[in-house]
Amino acid sequence: MAHECGGQNKPYPGVTGPLSLTEPKQQDIELTEKLVEALKPHNVFESEAELNHRLEVLAKVNELMRSWIKEVSRQKNNIPENLIDTFGGKVFTFGSYRMGVHTQGADIDTLCVAPRHVERSDFFKSFFELLKSQPEVRDLRAVEEAFVPVIKVEFDGIELDMVFARLALPTIPEDINLRDESLLKNLDEKSVRSLNGIRVTDEILHLVPNQENFRMTLRAIKLWAKKKGIYSNALGYLGGVSWAMLVARVCQLYPKAAPATIVHRFFLVYSKWDWPSPVLLKPLESDNRLGYPVWDSRINASDRFHLMPIITPAYPQQNSTYNVTQSTRTIIMDEFQEGLNVVTLIYEGREEWSRLFERSDFFHKYKHYIVVKASAEEEDHYLEWKGYVESKIRLLVGNLERNPNIKLAHIMPTSYGPINESEGQYMCKWFIGLVFGLVHQGSQPGANVDLTYDIQSFSDVVHKQAIHINLYKEGMKVEIQYVRKKHLPQFVSQQILNHGKPRKRVSICKFIFHQFSVKRIVTEKGGSSASTVPAAGKADISAEITKAVTTGEDDDTSQESSSDTHTVATSNGPVASDPESMQWNSEESSTNAGTVNKDDELEDKSENAVGSPSSHDSTPDAASKRPGSPFQNDTPPKKPKDLEQQIPGSPMQVDEKQSLTTTSSSSLTSSSQHFVSSQQHQPSLSDAATKSISNKHVDHHPSNELSDLSSPQPINATGFLPPLKNSIKLKLK
């Protein structure tokens, strides 16, 4: 849909007309030049030689593709020799390379289009073998079971992601236009998904008013997103196509603006966007002529629960941010607001563009982390295992989010390798920062926080599905550890830890009572709880939280136990629960801690301590928020009856093919004197939301003990991993 503005004849694409047609000022032009200079040190521009090398590689791959189609055609019955040369076949590019915003060393997304007599199975067998025989090929692997099946390969130093589409045509013309919707007729779903990449890329370029300004702005936004750790579709953030559509929409709203202005407007618009209102580059089509599933919240009830919908412009329209969770949306919105603050300072002349591209302060923001390790014994197995585990980590984040005692689970998309030889050669680590929230009504200072079910179910899904798709090999492991901030140097190099500066904390009294309202607060001494807080009592709460932070935030070192990092090992397959060994009790915790204090005695006497079996059993909110958690001391935890049934807005999606048959056991225990609620704020267009964005605060507490959960062991004769035997305990004081 095009719009005419100000009586002009020039149409502007988009679901609405432009917000401004102002021409760039001299300041905008100068800031754009400074922006380009700030981008150069980050290798976002390729040299002419590098661009030519990419073209040469693509030409070789295209020739391999055409010769392969000829060979497959010869093997088919009833195909005359004189027709073999006419079948054609072509390799297309899409994604960042086709948009012209790829960086140095970036991979190239490619689409291999073949005529109707060439099967997908041929692509993953004979073409795979053809690639393997090429001397330029390295790190070749096929991911045939992926949502969009792909072959990953490094060809003459250039990484390629190759997807396949079989068109319902006898031949593939050299000048074929894949934007033609009629080409989707009679195609299988995997071919439609494969074609969707190039169709979306071309449609985005067609819908922006100025492609050069769009490209420069997108380069800046992609670099910023990568530096802040929010660039990963697989882990619940935004992928390249999503960032491109966000930038394209701002370009539609400000069609004549310079790139520096568009960057500022980008943060201004999306820091105040009223999610889950969708971002659209053109109106949704009501006429679904070919019958493919399309995103439309007016028709599909399930689409209304998507948290951050960004809709692709090409038919069939899909939500490109399906994986976004509550935590990742909160983190992205926080970065939008921080980006707006920085760019505003840049326009005021008080900061340089380099400030915008500083690395994330992830390793300084939290005091509690979970480390997910993936390892294998051979290089080929490791590459396959790493990609598979990475695609599943968002399930663990979703599990943690639904724990009623966890307010935020922040996954860093970057994986880190071993820092010493003892960790093994083929191993990588991902880090998840945790923020704990307020405890429930009626709680005493001693509180139980159960993370075992969350971790156990994640491990079960990873290993069982790996076995199901014949991916699992002996030596493949997933290990999960809890670690405190001060022990991070044992897991990641000091050079990486030095990146990113801690953000300046805003006064805690500026909390905004928005999505996660403060309703109860546990006092420091008596453990008594307040009931629901009226509006008039918010000042008192802020004062109480401030007191808790100032008295308890910095004393974690003196109260720590001797063990702060612990391996969390999980098993695969059904496990036999032992209530006596799995269930937490306060006496055991006190004994393991080596100290008995007033809070520990209260834990022994309290039947309503948060996280205890009696507390969970009498708290329907906790039960409904995380179905399947163990609530009874004398009853082993049971599997959820329906993994697909979720709370409205719940971010985690469980694969339909995999049902968990595992029962989880043990509890992660915590004792808290000061719990501070971190307020998550979702900016909108309302007046209240535009006034301030609250920073997240939490009083972090030292750990006491976290027993081992053993890492998945080699599969035994029954086809399952050994049962979980040890409990995990974490004491937060």
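Glycine too: its Cβ is placed from the backbone N, Cα and C atoms.
TrEMBL annotations: computationally assigned, not manually curated.
Per TrEMBL, the features are:
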REGION    1-21  region 'Disordered'
DOMAIN    14-208  domain 'Poly(A) polymerase nucleotidyltransferase'
DOMAIN    213-359  domain 'Poly(A) polymerase central'
DOMAIN    361-416  domain 'Poly(A) polymerase RNA-binding'
DOMAIN    421-495  domain 'Poly(A) polymerase RNA-binding'
REGION    550-733  region 'Disordered'
COMPBIAS  566-595  compositional bias 'Polar residues'
COMPBIAS  659-684  compositional bias 'Low complexity'
COMPBIAS  685-695  compositional bias 'Polar residues'
COMPBIAS  704-716  compositional bias 'Polar residues'
Mean of pLDDT values spanning the domain 'Poly(A) polymerase nucleotidyltransferase' (14-208): 92
Helix-strand-coil residue split for the domain 'Poly(A) polymerase central' (213-359), DSSP-based: 73 helix, 6 strand, 68 coil
The domain 'Poly(A) polymerase RNA-binding' (421-495) - residue tally per DSSP class, helix then strand then coil: 28 helix, 21 strand, 26 coil
